[in-house]
Ligand SMILES: NC(=O)C1=CN([C@@H]2O[C@H](COP(=O)(O)OP(=O)(O)OC[C@H]3O[C@@H](n4cnc5c(N)ncnc54)[C@H](OP(=O)(O)O)[C@@H]3O)[C@@H](O)[C@H]2O)[C@@H](O)CC1
Ligand SMILES: Nc1ncnc2c1ncn2[C@@H]1O[C@H](COP(=O)(O)OP(=O)(O)O)[C@@H](O)[C@H]1O
Ligand SMILES: [K+]
């Protein structure tokens with residue numbers, strides 16, 4: 001499913017009208033009806049006192065349509081209109097008249113206070129004050145109205161996007177509605193999934209409004225759902241053997257940081273890599289040996305951490321692997337930085353670079369574009385800040401564009417972890433993940449993700465697909481863990497649920 005910016009959602013409406021000849025009023029009718037019909041399974045409209053709060057834009061127009069359908073569903077309805085009615089477009093004006101002709105009361109208010117008696121009595125509030133047309137900071141009476149909506153006990157359903165939320169960033173423009181449900185119309189918008197917009201949005205429902213899918217085929221940002229992931233997962237047929245499912249080599253760990261390497265290895269095991277090896281340092285290897293009988297642990301060198309002079313032997317060893325991962329727990333010694341540089345500049349197959357591997361890449365100023373391998377970088381915001389020189393807040397402000405710009409410029413796959421994780425592809429497109437939960441904000445989750453993505457690449461997927469499938473699967477395993485333990489499940493608990501998550505994805509058609 002596409003994920004749109006303000007400009008793209010406007011473009012989509014424009015394409016619908018100019019290229020397909022769909023009148024604005026038809027789209028608005030579909031939109032207003034969808035809000036009520038999508039909510040039918042979540043609320044009982046029968047007898048519910050429903051206040052529809054309309055602004056003077058097309059979002060308000062949708063609201064006038066919803067008023068009719070809510071009444072049709074048995075609700076007692078009332079419309080509150082705030083703003084200068086002369087600003088209303090033709091379709092919105094028409095639907096206001098229609099509603100009034102059907103006997104639906106429309107109360108024009110100048111001050112928020114005038115709406116108080118209705119709003120506090122409401123069972124359901126439909127928020128149609130401001131949609132994607134939000135122009136600047138919300139102040140004065142509209143801000144006060146939003147604050148009252150947020151103060152009521154009513155079930156709040158936002159039309160298209162919670163009023164006051166900035167479509168492109170998910171930040172409130174001063175203040176924004178805290179919805180229980182939001183019905184996204186025609187497309188899901190960036191603000192619905194970017195924090196804190198995801199919290200204002202409440203439960204996100206989507207409804208098409210009649211615009212053909214072809215109209216948005218070339219849009220560059222997509223939300224990842226099960227339907228997108230299932231076709232990418234390789235099917236294991238009866239005659240599959242371990243040699244067919246790839247060999248992943250994980251260069252990880254150092255003295256005192258053996259756990260990170262084991263967690264990456266564990267991720268690979270449960271994600272179905274054919275064979276997994278951990279290659280670590282002399283001091284770390286004995287501690288890792290035998291922890292997972294399925295993982296081959298070997299060492300290069302005798303010391304506590306990787307050094308530049310080990311790179312040659314490591315590259316020789318790496319010839320046996322289809323994919324390598326470098327980084328978890330390797331530490332930040334100067335020598336280790338040089339080791340990573342040599343590895344990344346010389347390995348010719350797929351490389352996943354994570355954690356201290358990313359630190360090394362930033363320190364050594366590796367020129368990713370001139371590296372011979374296919375790179376997948378998996379930074380969290382802090383690591384990405386170091387790589388780009390941007391601050392963490394600058395990245396959060398434009399999480400999607402920051403990821404896609406970087407991957408396009410450096411021709412690699414970038415997994416910018418967090419809520420939500422964004423995957424930038426070398427061609428400038430990007431994916432936004434929909435799985436995962438705050439219970440995953442615990443040490444070692446990222447190491448496991450590295451193993452999962454590595455396992456996918458080893459099983460023959462392209463770097464882009466490996467990242468998409470790995471991130472989605474890892475998040476889904478987290479969601480399965482959170483079903484019983486919202487916070488406090490271990491990385492190991494998540495890893496053990498990876499096979500179940502995988503089965504859930506592939507069994508979708510049954
Ligand atoms: N286009 C289409 O074909 C279709 C569009 N559709 C729907 O239309 C929505 C987009 O409609 P839009 O572009 O008319 O703007 P919209 O979201 O109603 O906002 C304008 C209103 O907000 C107000 N306002 C703005 N900023 C403000 C601020 N800072 N502080 C205070 N007020 C502010 C502004 O006030 P004004 O400036 O006029 O005083 C005006 O009242 C879209 O989200 C979807 O729901 C569907 O029907 C399908 C077909
Ligand atoms: N609030 C959250 N919602 C969804 N996913 C999250 C959240 N917090 C963390 N995660 C996920 O957990 C993992 C944490 O990785 P990372 O920050 O590298 O941790 P570590 O370095 O401890 O391994 C990432 O995949 C990230 O997307
Ligand atoms: K709204």
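Backbone N, Cα and C define each Cβ position, glycine as well.
Bear in mind that TrEMBL entries carry predicted annotations, made automatically and left uncurated.
Listed features, source TrEMBL:
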DOMAIN    9-217  domain 'YjeF N-terminal'
BINDING   58-62, 131-137, 160, 260, 329, 380, 447  (6S)-NADPHX binding site
BINDING   59, 127, 163  K(+) binding site
DOMAIN    225-505  domain 'YjeF C-terminal'
BINDING   417, 418, 419, 420, 421, 446  AMP binding site
Lowest local Cβ density among 380, 417, which the record lists as binding-site residues, within 10 Å: 380
Residue 380 ((6S)-NADPHX binding site) and residue 446 (AMP binding site), Cα-Cα, nearest whole angstrom: 8
Cα distance (Å, whole number) from residue 417 (AMP binding site) to residue 135 ((6S)-NADPHX binding site): 30
Least surrounded among the binding-site residues, given as 135, 419, when other CB atoms within 10 Å are counted: 135
Distance-selected binding-site residues near ligand 3 (C-beta under 6 Å), from 59, 135, 163, 417, 419: 59, 163
Any further residue of that chain within 8 Å (Cβ to the Cβ centroid of 417, 418, 419, 420, 421, 446) of the recorded AMP site: 380, 416, 422, 433, 436, 471
Env. residues of K(+) site, Cβ within 8 Å of mean position of 59, 127, 163 Cβ: 53, 55, 60, 63, 128, 129, 130, 131, 158, 159, 160, 161, 162, 164, 177
Cα-Cα distance linking residue 160 ((6S)-NADPHX binding site) and residue 59 (K(+) binding site), given in Å to the nearest integer: 8
Binding-site residues close to ligand 2 - of 135, 163, 417, 420, only those whose C-beta is under 6 Å away: 417
Overall pLDDT for the domain 'YjeF N-terminal' (9-217), taken as the rounded mean: 97
Candidate with sparsest Cβ neighbourhood (10 Å radius) among 58, 132, 163, the listed binding-site residues: 58
In sequence order, the binding-site residues (127, 417, 418, 419, 420, 421) whose C-alpha falls within 10 A of residue 160 ((6S)-NADPHX binding site): 127
Cβ-Cβ distance under 8 Å to residue 127 (K(+) binding site), same chain, at least six residues away: 53, 149, 156, 157, 158, 159, 162, 163, 177, 179
Listed binding-site residues adjacent to ligand 1, that is, members of 59, 135, 160, 163, 421 whose C-beta is under 6 A away: 59, 135, 160
Number of other Cβ atoms within 10 Å of the Cβ of residue 420 (AMP binding site) across all protein chains: 25
Helix, strand or coil at residue 61 ((6S)-NADPHX binding site) [DSSP, three-state]: helix
